[in-house]
Amino acid sequence: MTSAADQPTPPIRTDVLIVGAGPVGLFAAFEAGVLGLTCEIVDGLDKVGGQCIELYPDKPIYDIPAIPSCTARELVERLMAQCKPFNVPIHLEQRVESVEQRADGRWTVRTERGLAFDVAAILLAAGNGAFVPQKLALAEAVPLESRHVHYSVPRLADFADKHVVVAGGGDSALDWVLALRKVARHVTLVHRRNGFSAADSSVELMRRAVEAGEMDFVIGAIAGLTVEDDALKAITLRGLDGETQLEAEHLVALYGLVADLGPIAQWGLSIHGGRIDVDTSNYESSRPGIFAAGDIANYPNKQKLILSGFHEASLALRKAYSYAYPEKKRMHVHSSYDAKLAEKLGAVG
Ligand SMILES: Cc1cc2nc3c(=O)[nH]c(=O)nc-3n(C[C@H](O)[C@H](O)[C@H](O)COP(=O)(O)OP(=O)(O)OC[C@H]3O[C@@H](n4cnc5c(N)ncnc54)[C@H](O)[C@@H]3O)c2cc1C
């Protein structure tokens, strides 16, 4: 797996670009290998697994064929093991931005961090879109973004000796507040209730840190920001007893992630309800050569289930083959009857 590279690089040539390393994108990588297609995967997140890892890693899943029960995390690990024999490059922290069809019919796809791909077909397995942080609904927060208002913590050292307020009640908020209390001058956790959706052990650590005077915890909602000389000075909190002011130089709001179709919505595809219309005979979109599978695909009676996405990706890639190798006729062969493939897959495990 590669991580974000900010250098513009020459386009990477491959048969199919898979957008999304969720369960459907990972299975698609395996299926592409079985069909004899080369592919690469991009994902905007810093890890593979899509919703399974981002939203419910420890929840059991009971409706994957031949796996009576596994956690979402285990499913992703199995999918990674399944596609491993094909050594598919996975580019993380690379949100896909633009697409352009060239005169020869191939596509150039670019990511926001400068990667480019030269491909015969694109499979969008992008779920509900790229995950982006849920932001504060306060106009005065916008000009302070990245300087005084943050939606992630890129470098702890940037908060050394500062007054920091962390807002949120999930794992990220608890993990970061515990880390920040060691470097900041003062750190306060703000959450709208005295209950958390974070790991019990982190909540326990936070409560002990409050008791020890290492940090504060305040119940309330952020109602406004006081800005002076283009810098954050204080936060207005609305709580049960009305409004109070909290001194702050930095606000780290960790309200979780929301999915956003983002730039893909500008690709000229037919879209309904934020999802891409497809032909169910091959899961091709309204632009021939661009396919959609998994939660992002739209067709009558679509079910947002992992197993539906597996089927959709499999049919999409069969049609994608005709774009990558127009001169070849792909014969249907069961994977176990293909000696070379069987040898390769024998390496799984
Ligand atoms: C709480 C919960 C429980 C569920 N339980 C089950 C269950 O038990 N069984 C079941 O079958 N289904 C279940 N589902 C549904 C299942 O998780 C989805 O159907 C499945 O994740 C869809 O997979 P996907 O690969 O299509 O999309 P996702 O899992 O959403 O993955 C899409 C990936 O694409 C990436 N991406 C999006 N846009 C871009 C872009 N522009 N550039 C780069 N990357 C991008 C995203 O970062 C993400 O990683 C559940 C869903 C939820 C929320």
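Backbone N, Cα and C atoms are what each Cβ position is placed from, and that goes for glycine too.
Feature annotations, courtesy of TrEMBL:
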DOMAIN    15-300  domain 'FAD/NAD(P)-binding'
BINDING   Asp43, Gln51, Tyr56, Val96, Phe131, Asp295, Ser336  FAD binding site
Number of other Cβ atoms within 10 Å of the Cβ of Asp295 (FAD binding site) across all protein chains: 26
Spatial neighbours of Asp43 (FAD binding site) that are distant in sequence (at least 6 apart) but have CB under 8 A: Val19, Gly20, Ala21, Gly22, Gly25, Gly50, Ile90, His91, Leu92, Glu93, Gln94
DSSP-derived class (H/G/I helix, E/B strand, else coil) of Asp295 (FAD binding site): helix
Intrachain C-beta neighbours of Phe131 (FAD binding site), sequence separation six or more, cut-off 8 angstroms: Gly44, Leu45, Glu54, Leu257, Val258, Ala259, Asp260
For Tyr56 (FAD binding site), the three-state class that DSSP assigns: coil
Coarse DSSP state, helix versus strand versus coil, of Gln51 (FAD binding site): helix
C-beta crowding around Gln51 (FAD binding site), within 10 angstroms: 19
PLDDT averaged over every residue in the domain 'FAD/NAD(P)-binding' (15-300): 95
